[in-house]
């Protein structure tokens, strides 16, 4: 146990002025703090006052990250006190701005920075990390950060923010989490010329050297932390994201949140929307604006969900259309990847989205191309003309990249649009006086619960069924009252409860399918998982002190 000033410098131990007099004396920190004794609730109040005083979200982000650096328990107590308020600061959309200005926002290193020049020594670098038990890793190479492109080493803000939500939303213990940046360079010329840039100053290394780095990283992680260590891939470029997922998914405990997490939360929204449209998913025609990893991930999970309804895979695929930067994806068109070819249908080539919507007449329109304003007034009005209750998902992040706003959707569909977005939007009051609360299809509904469940039961491989199960659980948590208010997702204030339900369902299915490795199987899974959840309350550091009977300490001659 640390003593003296080291206690105050360790964010895992530091309680600030919440240390009692007895703790201060026993830990040799009496006199190193003002003679004031505050409860954690007062400390939260103090942080909130400072938070409200700031006018920019980037400054608020820096305030919260600085708190995380000095008092971890208080940081998570603040986050969980109002998750709806703080999630947009520690994650999307503010984390995107923080990543763009990471050189300015950088205060203290968090996580592990591994570069292409460290090949052959990654196992040694992992030993530098102070924690020997790691259950979850979020790793990025910074090539496709949100909808912002190649941010190189500045992308470290994403794994840091993601793991903060593992804890705040899912209760995964923060000291068992590790953010990792794999720095192979950047093709962003502005960053290469930026004197504040904190990463390698050369073009991205690709090819065999890149693959060798990834292989060594995966082997080193599992060698040190075990095959059950969850490795989440985050914000890799499309080509690498799919390739690496296919390469590693059956060998390691891994998933890609941009592909599978986004898919799960989108399908959850669709399943909830079906309670409004009163039909089956396989009755719908789905059109995607975008055909990258998010779109393809959602499309593949929709196919799985339709199959579960009893439709053949071929019939399900025919219900899904995609538009990429070159137009409608059709058979015979040039420049199609293997993933895109699956959703290429017999049709004339078309480029203009408005014309495509008129021709395909979709009942579901999903935007994941990070093209702000792509869903024009005409497109939204057409969707309302084709459908009694059109489903419109503008899932691109950050807010500036959203295909349309909630207000535009409701306005141009005469309030009939069923809307969800990737970034938060304010409530919208319709001309009839009814107020709708747009559903935010944030991946935060997915990955914390998935991580908690995977860790709790020791799942070694994460199949697509996990993400369909997760989508079903999320949709089940949406009440009729939520749907009446326009919400397709449970209120964010309930996200910890939702994560627990996801974790329990994942664990139940893992034990039923004999894919769990934590044995014996707990009799009460929910109680067991609840016992694993991180507590934001302070620990007591007062030594366990007691007396013996005086007679027991006497030596008789």
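Just so you know, glycine gets a Cβ as well, placed from its N, Cα and C.
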Site co-member for divalent metal cation according to Swiss-Prot, given 234, 235, out of 211, 212, 215, 258: 258
Residue 234 (divalent metal cation binding site): tally of other CB atoms within 10 A of its CB: 27
C-alpha spacing of residue 234 (divalent metal cation binding site) relative to residue 303 (NADP(+) binding site), in angstrom: 23
Residues flanking the divalent metal cation site, with Cβ no more than 8 Å from the Cβ centroid of 234, 235, 258 and excluding those residues themselves: 140, 144, 145, 158, 233, 236, 241, 256, 257
Subset of recorded positions (91, 162, 234, 235) lying within 10 A of residue 144 (NADP(+) binding site), CA to CA, in sequence order: 234, 235
Local Cβ density at residue 144 (NADP(+) binding site) - other Cβ atoms counted within 10 Å: 23
Neighbour count (Cβ, 10 Å) for residue 91 (active site, proton donor): 26
